[in-house]
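Taken verbatim from TrEMBL:
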- E:His102, E:His104, E:Glu109, E:His148: Mn(2+) binding site (BINDING)
- E:His104, E:Glu109: oxalate binding site (BINDING)
- E:Cys25-E:Cys40: disulfide bond (DISULFID)
- E:54-200: domain 'Cupin type-1' (DOMAIN)
- E:1-19: signal peptide (SIGNAL)
Number of protein chains: 6
Amino acid sequence: MTMILPVLIFSLIFSSSNAAVQDFCVADLTLPEGPGGYPCKKQAMVTEKDFSFSGLATLGDTNNLIKAAVTPAFVAQFPGVNGLGISVARLDFGVGGVVPMHTHPGASEVLTVVDGIISAGFISSANAVYFKKLYKGDVMVFPQGLLHFQINSGKSTALAIVSFSSASPGLQLLDYALFGNDLPSELVEAVTFLDAAQIKKLKKVLGGTG
Amino acid sequence: MTMILPVLIFSLIFSSSNAAVQDFCVADLTLPEGPGGYPCKKQAMVTEKDFSFSGLATLGDTNNLIKAAVTPAFVAQFPGVNGLGISVARLDFGVGGVVPMHTHPGASEVLTVVDGIISAGFISSANAVYFKKLYKGDVMVFPQGLLHFQINSGKSTALAIVSFSSASPGLQLLDYALFGNDLPSELVEAVTFLDAAQIKKLKKVLGGTG
Amino acid sequence: MTMILPVLIFSLIFSSSNAAVQDFCVADLTLPEGPGGYPCKKQAMVTEKDFSFSGLATLGDTNNLIKAAVTPAFVAQFPGVNGLGISVARLDFGVGGVVPMHTHPGASEVLTVVDGIISAGFISSANAVYFKKLYKGDVMVFPQGLLHFQINSGKSTALAIVSFSSASPGLQLLDYALFGNDLPSELVEAVTFLDAAQIKKLKKVLGGTG
Amino acid sequence: MTMILPVLIFSLIFSSSNAAVQDFCVADLTLPEGPGGYPCKKQAMVTEKDFSFSGLATLGDTNNLIKAAVTPAFVAQFPGVNGLGISVARLDFGVGGVVPMHTHPGASEVLTVVDGIISAGFISSANAVYFKKLYKGDVMVFPQGLLHFQINSGKSTALAIVSFSSASPGLQLLDYALFGNDLPSELVEAVTFLDAAQIKKLKKVLGGTG
Amino acid sequence: MTMILPVLIFSLIFSSSNAAVQDFCVADLTLPEGPGGYPCKKQAMVTEKDFSFSGLATLGDTNNLIKAAVTPAFVAQFPGVNGLGISVARLDFGVGGVVPMHTHPGASEVLTVVDGIISAGFISSANAVYFKKLYKGDVMVFPQGLLHFQINSGKSTALAIVSFSSASPGLQLLDYALFGNDLPSELVEAVTFLDAAQIKKLKKVLGGTG
Amino acid sequence: MTMILPVLIFSLIFSSSNAAVQDFCVADLTLPEGPGGYPCKKQAMVTEKDFSFSGLATLGDTNNLIKAAVTPAFVAQFPGVNGLGISVARLDFGVGGVVPMHTHPGASEVLTVVDGIISAGFISSANAVYFKKLYKGDVMVFPQGLLHFQINSGKSTALAIVSFSSASPGLQLLDYALFGNDLPSELVEAVTFLDAAQIKKLKKVLGGTG
């Protein structure tokens, strides 16, 4: 006897609309974002390419002064993660490379060392320092919103994959926030207690005005 | 003395915009969905019809091989539940009817037996089976994302109301996922360890290609 | 050749702890509740009985003045829904029965008419009334926190299943809140603009003091 | 040696799109709202004015019968709070002023007394009354969705700042919900047990019909 | 005829357990906190005192070098806000007072100026500065996790009430994070590009070691 | 002039309790888990070891029939991720290795290929197949709750890091759920439409009874 499974069950459920089921929401980056992410691309237009991304395959260019590079696969680069509460990035470190003190305002982060030796740390609201030397295969978590940093503490290059608990984790680099915009020097001085000379020196380097 | 209550308090609050208050968000199904649901229909256009739905009043057609029918009142059919984290559906079972193994990727489910006897079960991540014979009035919960099924184990028809913790719970029927699309047979074999003959047999029944 | 599937994959994942996987969290009602629900019963102690409940099978006693009865399957009665964002209840109406004006502070509700004719309504923050006569099989949604009510508007008894978007939706009955506790009558008068005589009359009925 | 910080790190992260980072989402009130709030205004158009609001600087007009005024800074007035789960309002009380019994369906509230003496209370689902006389500087919390009220219990005017756990908390004033719309008097009577005369009296005052 | 309202409806709902309803969860600070807050104090022990707090009534002591003081009403001081996603604090500024650059890792903030003139600003992930002079009654929002600061820019003292979208917003003061703990000076230098002398100077002031 | 920063500001904030600030919640695995995760370890006992984990450094043992191994860093192994909505795992593939069809009931997943070539796919609720061959450095996302699989499609071993949007993503392997427990064979047949012989064959392999 040939068994015939019920197409009827499906037709009832999916007949009303091809938007009947939402188990993902690939970002339509051409539409205005909302608090929870971008509107969804029409399902009929979605392909497997929306769920994959090749941008992390390329070695980041660490030929710069921090000798490090961050290559993100956030929702803006990787629309398939929209609304799913997850994204990743690639960190490349040259010898002596460093990802300077920064925060992700909207996400926690887990770092996985793929190659090399990385020293990383974060500082809690209670002002405790959690600092650890990480070897190939080690992972470390940086809770949401806290200041943290990563340094290549080995003698060769290093590579890490970092995962975030948001499709759009944000990134606030401390030096850029303080010295790379038009925040007036006197204001920076007043709210950081840094010396005027120090501020002006770093403003010059980072292109800050005022 | 006639008491006059303060219309002023309202005018202050509601004068700025008729979108000032959002305690519901009836789906405008003509606009692109986002990760949290559809944009809201304008309040001035909303009527009591948006908050009710008659589609579950009709007996589902169980004249099919599973002898069962699912009639959903999800956001696509019932725009009033948009953004409210809830929806319902009607399950009709003929004698011998079965809702085959499936998951709801985005919601937990509570089943309430309205008529008949239904045996239902789910399997946990720890691979434990929770299986129960349910009589009229009994309820059972199926936690989010886990494989589960329902069977008419009585001698007459059965009817259940199922509630979901999402306006768009999704539904992934195992047989359709494995045998009802263009996933190549060799791939199905490789990832399920089912025999090639078994796969081809069910592919034929369910219209799968490859 | 006999195919042997990899028990190793499991031993790696589940060996560390039998708490390794949490896809449900049956309430341990003997421990103190938290903001998200009760602590979980140990998995080894969980049985299928935790995921089902028979308390809704019994006709509620409507031999009272509202000629109605609410029988809940919330987390306190049905520990399997703990943390899953869903629960249900049974509404029984005698002829002329009514569930008086009330809110659920923590959940939206969907009502499904199982038998009879029920008129139901809610009032929005914008003070619009959404009122509808519902027949067998009809559903209606009441958005979170808004005042609503249900009335048996048929000539026989009525039965409904109501679903909530929380395992602990709460229930605030307006009359009880105003007249069934020790809120002083003058205060009730001041904040509701009801007449003193009216307040005292209902306080007497509902057992309120002060 | 002049230190040159890595502009490269930024160019990599922010080059793909100027929508790459979402750490806020100022409401574009001209677009349709969704369940989580309004779509975001383009970042290039956002200024400091979007994040501030002067509407609470003005004394509310308490020259009305409740001798009180509520001035909101919700998302409709203050687009910068969109999606951030927070908003505030100003409460002004004349002598004898009262904010009558009401709920916020979508938010908890914290009241801070800035000037004067305010007596405030709420009623729980378990029908307990929590009532407190608050002096300058005192704060009180009103959990989400519960009936509550505030009264000027001092001999002079009073002022409070109230904070909400939502950008769009909603406000349902009990008297308006019962007596200020077209809910038929017989229905109000049936679901509140208030006397017909009482209902008609307040309907007249509040402009209710039916 | 005397109308008698149905105590039965209540007995059915609330009979099973006095934990049947959770519309708040006052923190029991003696028990271990969880990710969503503290376990709930038993309802029978809860009083109106749990929902109010007088600690903000007192002028903060600004007789210090920043000439400012922060007095929190977070869950640790004000157990009634536990699990409700809201808290407040009082900011006092002497003449010239400043709340230095800081973040709240877990909350957005709205500041309301009660007295005086306060200049406040924050910096976005896209490195834009949003800076505004705020007068009495003005409000400003600081989105979650971003660096921000407040300065008394008037000629007299200033007072603000700040509201947070969490019962436990956290506070990370930049200077303390960099210079007030045992983070080695060389590490601070490496991850901030500040000069060694500057670091040592501030470490000395703030009591940092290493 | 020596600048002395205000220890006062801190003493005010942190004096009341050493639980005043919660920006992380390291799992205390000895206490009962709740719906949102484990209770927090006391801050004084927390060290940098809680935030790192070395278990992923070791090559998984792929000397099994699927020629693959999964090594998790979920909350049970890595307590620092508790409550943070993120975790990771390591996937090792021998030549011909495969991670069979499975779901994560509580999380979305992003896979990053570290070495080798991996073909991966998932099936949507709408029954579409998204299948992609991934090379070193490529990433792919698998939305929450959907059936998916990964296969080593290269000629050498392969290694991937997978990230999850939950500290406790769960894992339901299809074959184990169907054939590795005490779900009776007739039931499996009824709800999957697989042949009895096929079921018995796989039950034998996977140790299922009934």
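Along the chain as shown, residues are numbered 1 onward.
Including glycine, each Cβ sits where the backbone N, Cα and C put it.
Shown on the structure are the features that TrEMBL records.
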residue: E:Cys25; record: disulfide bond; Cβ within 10 Å: 27
residue: E:Cys40; record: disulfide bond; Cβ within 10 Å: 23
residue: E:His102; record: Mn(2+) binding site; Cβ within 10 Å: 22
residue: E:His104; record: Mn(2+) binding site; Cβ within 10 Å: 26
residue: E:Glu109; record: Mn(2+) binding site; Cβ within 10 Å: 26
residue: E:His148; record: Mn(2+) binding site; Cβ within 10 Å: 23
Could you count the residues of the domain 'Cupin type-1' (E:54-200) that DSSP puts in helix, in strand and in coil?
25 helix, 56 strand, 66 coil
Relative to the mean position of the Cβ atoms of E:His102, E:His104, E:Glu109, E:His148, the recorded Mn(2+) site, which additional same-chain residues have Cβ within 8 Å?
E:Thr103, E:Phe122, E:Phe142, E:Leu146, E:Leu147, E:Pro169, E:Leu171
I need the CA-to-CA distance for E:Cys25 (disulfide bond) versus E:Glu109 (Mn(2+) binding site), whole Å please.
23
Write down the Cα-Cα distance for E:Cys40 (disulfide bond) and E:His148 (Mn(2+) binding site), rounded and given in Å.
33
Using DSSP reduced to three states, classify E:Cys25 (disulfide bond) as helix, strand or coil.
coil
My list of binding-site residues is E:His102, E:His104, E:His148; which of them have a Cβ under 8 Å from any chain C Cβ, in sequence order?
none
Separation of alpha carbons, E:Glu109 (Mn(2+) binding site) and E:Cys40 (disulfide bond) (Å):
25
Suppose you look only at the domain 'Cupin type-1' (E:54-200); what would the mean pLDDT be?
97
